[in-house]
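A short worksheet on the structure shown next.
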Amino acid sequence: MPTIQQLVRKGRRDKIAKVKTAALKGSPQRRGVCTRVYTTTPKKPNSALRKVARVKLTSQVEVTAYIPGEGHNLQEHSMVLVRGGRVKDLPGVRYKIIRGSLDTQGVKNRKQARSRYGAKKEKS
């Protein structure tokens with residue numbers, strides 16, 4: 001416990017907040033190459049086969065990114081755009097792949113929340 005005189009001399013040091021998306025190096029998105037595309041199971045109590053990919057980013061960091069939406073066309077060596085955003089029931093998955101950009105196609109037959117999944121407006 002410092003004395004008041006010590007606080008007057010030195011003051012308190014601010015705590016530095018830890019960055020949640022360190023691999024993006026301050027960018028909103030990063031481009032990367034898929035090194036492995038696979039499925040994994042979520043934590044309890046959920047049950048599914050979640051689609052994820054290991055991606056080597058242009059910042060030379062390899063991360064695990066979630067592939068949102070139903071169905072995808074990704075395989076090894078696909079170029080993808082990665083954004084921040086964790087998946088709560090997949091430990092270690094702190095990034096998401098942006099659908100509809102670079103080699104990633106949008107979700108087919110998507111009617112609502114289309115912009116999140118890179119789906120074009122359907123011709124009526």
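Every residue gets a Cβ built from N, Cα and C, even glycine.
What Swiss-Prot records for this protein:
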MOD_RES   D89  3-methylthioaspartic acid
REGION    105-124  region 'Disordered'
COMPBIAS  108-118  compositional bias 'Basic residues'
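Outside the compositional bias 'Basic residues' (108-118), and at least 6 residues removed from its termini, the chain residues within Cβ reach (under 8 Å) are 68-71, 98-101.
Sequence-distant contacts of D89 (3-methylthioaspartic acid), defined as residues of its own chain at least six apart whose C-beta falls under 8 angstroms from its C-beta, comprise P42, K43, N46, R50. In terms of DSSP secondary structure, the region 'Disordered' (105-124) contains 4 helix, 0 strand, 16 coil.
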